[in-house]
Structures are given as C-alpha cells and as structure tokens.
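Have a look at the structure below before the remarks.
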Amino acid sequence: MRAKVKILKIKTGSFNVFISPRDAEEWKLHPNDLVKIESGKRSIYASVAIGDFIEDGEVGLSQDILSSYQFSEGEVVSITPSGTPESVKYIKKKMKGEKLRKVEIETIIRDIVDRKLRNTEISAFITAIEINGLSMDEIAALTIAMAETGDMLDIDRKPIMDVHSIGGVPGNKTNILVVPIVAAAGLTIPKTSSRAITSAAGTADVVEVLTNVKLSLDEIKRIVEKIGACLVWGGALNLAPADDLTIHVERRLSLDPRGLMLASIMSKKYAIGSQYILIDIPTGKGAKVETMDEARTLAKDFIELGKKLGQYVEVAITYGGQPIGYAIGPALEAKEALETLMTGKGPGSLVEKATGLAGILLEMGGVAPKGMGKKVAKEILESGKAYEKMKEIIEEQGGDPNIKPEDIPIGDKTYTIHAQTGGYVTGIDNRAITAIAREAGAPEDKGAGVRLHVKVGEKVKEGDPLITIHAESESRLEKAIVLARRLEPIKIEGMVLQVIGNI
C-alpha cells in the first residue's frame, strides 16, 4: 500500500498516522493497529488513526513523528500492517514473575525505541517490574540495552568522572559548584542533567539561566576535550532514548520501580563513558528517600550495578531534611550559585555539600589524598579557580562569561510571609516549598521561586520574615500566596511544648 505524505499540525503525544475511512476499509486497518511506514532507507512504526479530513491516498503524519524523522509534503511512502511485536511475549513472561534473558530485555528496549511498543504495552512492562522486580543481572542488561539503543559519547580525556543526585530536595544547585571544582583540579567531568519533572528547578533549568544547555554530542566532545567539563541538558541528546519513553509512562502511572530507576540513571552514565561515578542520595523527611536503612539499601544496589557495568561507584548519603541554600527556582538558584563561585563563600549547606561531594570525586580521581578531598575542594572554591572554570564552561556553551549575579532577572512580583509568633524553626517542609515555588511559576518562569530567610534551628521573633515568594505575574503570585498560607511550610515552636498541670 502506498500513499502521499500529508504534514499535520497535530500533536497526539505518541506516534500516530492518519488515513481516510475509505483507505482504512480497503486496507483492512483499524484504529490503533500498528503499521510500518517506509521511504527509502527510513522506516518507522506508528499507530493508525482514522479521520475524514484525510483524502484517499494520503497518510497524515503527526508532529510527534516529524520531531524525530524528516518527511516532506507529498512524499510517497509504503504502509505495511505490522503484527504483534515479539517483545510482547517477553513482557508477559515478566508479568508471570519469570526472569528475562539478556536478549529478551534487548528486544523489549529495541521495540520501545522503534515505537513498536505503544504506551499500553510499556505500561504492562513497567507494572510487571513494579510487582515482580528485577534481578541485578536483569537491571545490568536493561541498563546496557537502554544505553546502546541511543548515541554513545567517546571522550579521549580520561579518567571520566560523574556525579548524580537522585533529587527530592529543593534548591539542590550543588552540582553547579561540584563540576567546576572537579574540572579545575584537572579531572574530566561531562555533566548531563535533567530539567525539573516535579521539582522547582532541575540542574539544566538553573544552568540555562547562565548559558546554553542544548548542545550536540559533537559540541560536547569538543568542549569537554578542550576544558574538561560541561553542564548540559541530557534531553537535547539521544542518550538512552528508551528512558524518556518509559519515564513518560511511569509518570502517568505514578510508579517508579527501583530496577528501572537504577537503569535510568546508570544508562546515561554508561552512554557518556563515565568511569568513576558518585551518587548523591539526599535522605530525610520530605526527601525521596526518608530513612537511612532505605538509603543504604539503594547505595548497595548502585555499587553492585556499577561493578556489573565496569564502573567504579561510590555513594554519599547526604542530609535532605531541608532545602539546600536559601534559593529555590531557576534564576534564584543561578544567582546563589554564581555568587558562591565568585566569592568562594555562600550558604553553609551549599558550600559544605558541594565541597564534600567534590572532595570525594577528587579522591576517586587520584588528585587528592584520602581524607583530604574536601579540604582541597574548598581551597579550589575559595581561590577562585572554580569560578574561572565556570566562566570557561559558560563561554564555551555560548553564554556571557562575565555575567554577574545582579544581571540575572528575578521575578519582581513578590510577597513575604512573616512569623506569626516567636520561637525556633523546627522544620521546613521540602514538598511544601517546592509546591509553592511551582505555583509561583517555576521552573517554566525562570524568575519565579521562593527565597528562604530562615533555616532549621534558627530563632525568630514575631514579625520576622520567613520566606519571600517571587513570581513574574500577579496571578501566579496570588495563587502561590494562597497555597503558602494553606501549607505553612515553616514550622515554629517555642521551647516549652506543653504544660501538664497537677490534677
């Protein structure tokens, strides 16, 4: 069957092709049937949709397809019905609780990337993993398959260091300090980061305030081999593409199976050739990982997986019970990170965590003696060497290396919440702070977010400022204020908690 391409200005969220009712009847195709579209050496798989706005002999291609593949208006393509993918039987096997072989996992991942598997089948796969779990051998096979079905980065400068935080703590701009510190010590650290999914700012969102984060693999290779580091958005690259497709479905199901989470993180590291990896697991109330036992178990899994992949992994379990630094939101965090790099001084939680993590990497890379890494990292930060390296990163990625903190625009619609009573700050709700910052417009509105005025343990008087909300519009500010009043993100208590009388 052959048809002419019609470019449609339609986004469906998946790969769909549209045909006319008459062609559907003649070709015996039904809605959601899987078909193969071929033109020359190109071939894609997509689901059928039927619409009377399509002429007979035409095939309409959605923008989802055109964002990944090039087709031109009027181009003639062949359409072939495709049967049930072989990988479906392997998904059923996992649903029964059976262990998958390496080749079966590779087939599933290849079919996800090729779009042979639709969201329904991917949902079944994710649910099967959630219920039955994966062995470490299965996770290793999954990690390698996810990496090898995408692009791989080959950097000549060795050794290649990497750092990754599993997230869950507001204001975690730590890696914007860690990367230039490590690179200034002479090590190689190509850092790919994500945008925010449920947080107020991912590392890529923050760095984008300072410079371009959308680079090609060739550009990354050039920059890293020249200056030893980069800070880029991983989503602009074709690294472990199956990961993005599974995450999209996981979000809808509100599932995050541990095996898939491990493979998701480590597949990106494998794809960029990371040899020494530091995993940061923030732990505490309101973080993704709330207990030390859970953190230790997860740490062991990362280390064991690294061994199977030929990567050396260390894990830092860090305090995650309150935000890092005082700024939450892309521009606010970029400003705080840049100020810290420029002066060598900053919020204690930010400096301590950044130099602590950087110090571990310096020891792993052999440029600092055991037990001296943090001291060396602090010296690099305070000497200005980390700032000079950050300027190089900003310039090489297309930004202004001379950007100053005061040059960064912050949302000018503000509201400050004050203490209703005196006492001590006994808790800061991470999830509430994140929710307020997002309600104010972060991360889409770069200047939106929350500025903390206090931290846990500090004494406050009635009327003292607790948080300032920043927004770029009055409407977003009003919504954030309402939410902040309802959530009460800062908990204040007096030293006397209760008086019990003598009855």
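Cβ atoms here come from the backbone N, Cα and C positions, even for glycine.
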Further AMP ligand in Swiss-Prot, beside Ser194, Arg195, Ala196, Ile197, Thr198, Ser199, Thr203, Ser264, Lys288, within candidate set Gly168, Gly171, Gly228, Gly235: Gly168
Neighbourhood of Ser199 (AMP binding site) by C-beta distance under 8 A, where only residues 6 or more apart in the same chain count: Gly167, Gly168, Pro170, Asn172, Thr434, Pro443
Site diameter for AMP, Å, by largest Cα distance between Gly168, Ser194, Arg195, Ala196, Ile197, Thr198, Ser199, Thr203, Ser264, Lys288: 18
Distance [Cα-Cα, Å, rounded] between Ile197 (AMP binding site) and Asp256 (active site, proton donor): 13
Distant-in-sequence Cβ neighbours of Asp256 (active site, proton donor), under 8 Å, six or more positions away: Glu250
